[in-house]
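What follows is one structure encoded as structure tokens, with my remarks underneath.
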Amino acid sequence: MAETAPFWSESERVRNAIVDMLLAAEDGYVSGQAMSESLGITRTAVWKHLQHLMELGFAIEAVHGQGYRLRGHPDILMAPLLRRRLPSACRLGQDAVWVPRVDSTNALAWRCAREGAPHGLVVSAGEQTGGRGRHGRSWFSPQGGLWMSVLLRRPIPLSRAAEVTLLASVAVRRAIGETTGLWPGIKWPNDIVHHGRKLCGILAEIRADGEVVEQVVLGIGINANIPADAFPPELRRTATSVLAETGTPVDRLALAAALLAAFDPWLEALADDRPAFAELAEEWRAANVTLGRWVRVATPTRLLVGVAERVDDRGVLYIRTESGKVCAVHSGDVLF
């Protein structure tokens, strides 16, 4: 699928349907004729789609007179693969777009949003050529990472928009811990770190109307299966990966599903203007690597230097400066 195609492109629909049929058959076979009749396409077209899936890493066995059987699949976030990993009640990830390569999953998610994509759409890619971090910084996004963006169409009070990334940081930490046994720390506001090196970055881009956030594209970049020596020299002191820390590749489908399943009910609480981050604040504080430290905080308007004292139930950071003044920080970069 071309990276500019909407999430409902015909090729994507057909390939998703083929994967669904192969998954439903479990260890059985699905005939080419059955696929052709179900999809309303020729058997030649079916074969071309199967070839494309095999190029993506699907192990598909063909037996004359019986049909096709799925023997294995890659850990990419195609819709039928992701749906099978999610709880049935999860509203996130029921629709998904995966592309081998894209400029930015956030940019593609916004393009899908303009085409009418639904709440919960997950956009992911094998690699990004123009991955973005906060404040327009570039994000190293090679093969092996989990590069995903989630389209959120739930009305959220603008005053609580900062909670989205704080909640996402807890969801990411839980997902990494539950799937790998590695429990990283959280650096305010939403960086996931291990021994001072970044494992994951989170970027939320919002569209608001007055005091209500109507749409959010939540970008999450996890350094999953990136070998330590694959990082450029300038990043090796500041970045790491799950693979580098554990020595074992992580199943990215399992990681994404755990993340989405955790985040989904918290987002609904936020949309209903119920306590959200407040319910998880203790978990966040227990995992934080910021509080109690002497820090420099670069905000959009000034540089604050002092001790990071606390984070309130809305995620606001409070810094006590050398003069004893306590300053509230709603957004900014923390430097140790």
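Glycine too: its Cβ is placed from the backbone N, Cα and C atoms.
Your range for DNA-binding region, going by TrEMBL and the list 32-51, 132-151, 192-211, 312-331, is 32-51. Cβ neighbour count for Arg132 (biotin binding site) (all protein chains, 10 Å cutoff from its Cβ): 21. Cβ neighbour count for Lys198 (biotin binding site): 20 (other Cβ atoms within 10 Å of its Cβ, all protein chains included). Under a cutoff of 8 A between CB atoms, and with a sequence separation of 6+ in the same chain, the neighbours of Gly133 (biotin binding site) are Trp139, Gly201, Leu203, Gly221. Between the binding-site residues Ser104, Thr105, Gln128, the minimum number of other C-beta atoms within 10 Å of a residue's C-beta occurs at Ser104.
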